[in-house]
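According to TrEMBL, the features are:
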ACT_SITE  HIS23  active site, GMP-histidine intermediate
BINDING   ALA7, THR8, ALA9, ARG24, ALA25, ASP26, ARG27, GLU35, ASP56  GTP binding site
Amino acid sequence: MTLVYLATAQILDDETRTKVERHRADRGELWRTIEEPFRVDETVIAARRGEILLLDCATMWLTNHLLADHPLAAETDRLLAACARSAAEIVIVTNETGMGIVPENALARRFRIEQGTLNRRLAEHAARVIGVMAGLPFPLKGALPEGVA
């Protein structure tokens with residue numbers, strides 16, 4: 001089994017660079033890291049049987065596309081198609097953004113709506129969906145894996 005970490009953050013400032021370097025060190029040699037802020041579908045399709053690919057995270061990926069004014073529905077379609085075709089086991093980290101107050105500015109409101117749409121579409125296609133709050137897993141679709149409590 002090979003662990004592949006697909007990072008979607010863009011390193012645009014020193015703070016992010018420091019955070020990314022810390023995360024790389026924390027993962028250690030066990031993980032093969034691929035950094036791709038936009039075309040994650042290509043990495044997902046290229047992943048092989050026996051690999052577990054952790055996409056971290058869909059929220060940052062969506063932000064990258066939103067700020068670049070890319071067609072979000074088409075990008076999501078491309079990601080979902082890649083996941084369906086991949087021979088690897090795919091795990092996608094995302095954030096729930098719709099449980100708080102409605103944002104004051106238009107871009108933040110659009111992001112909140114788009115993130116909810118992305119999460120819904122990912123969940124529709126996933127075999128298992130697990131929410132995590134305060135470090136506790138909550139099965140939303142499918143059962144928790146054995147040994148997870």
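Just so you know, the numbers here start at 1 and follow the chain as drawn.
Glycine too: its Cβ is placed from the backbone N, Cα and C atoms.
Curation does not apply to TrEMBL; its annotations are automatic.
Overlay of TrEMBL feature records on the structure.
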residue	record	Cβ contacts under 8 Å, 6 or more apart
ALA7	GTP binding site	VAL20, HIS23, THR33, ILE34, GLU35, GLU36, ASP56
ALA9	GTP binding site	THR16, LYS19, VAL20, GLU35, PRO37, MET60
ALA25	GTP binding site	none
ARG27	GTP binding site	TYR5, THR33
If you pair up every Cα among ALA7, THR8, ALA9, ARG24, ALA25, ASP26, ARG27, GLU35, ASP56, the residues annotated as binding GTP, what's the maximum separation in angstrom, rounded to an integer?
17
Where ASP56 (GTP binding site) sits in the secondary structure, as DSSP reduces it to three classes:
strand
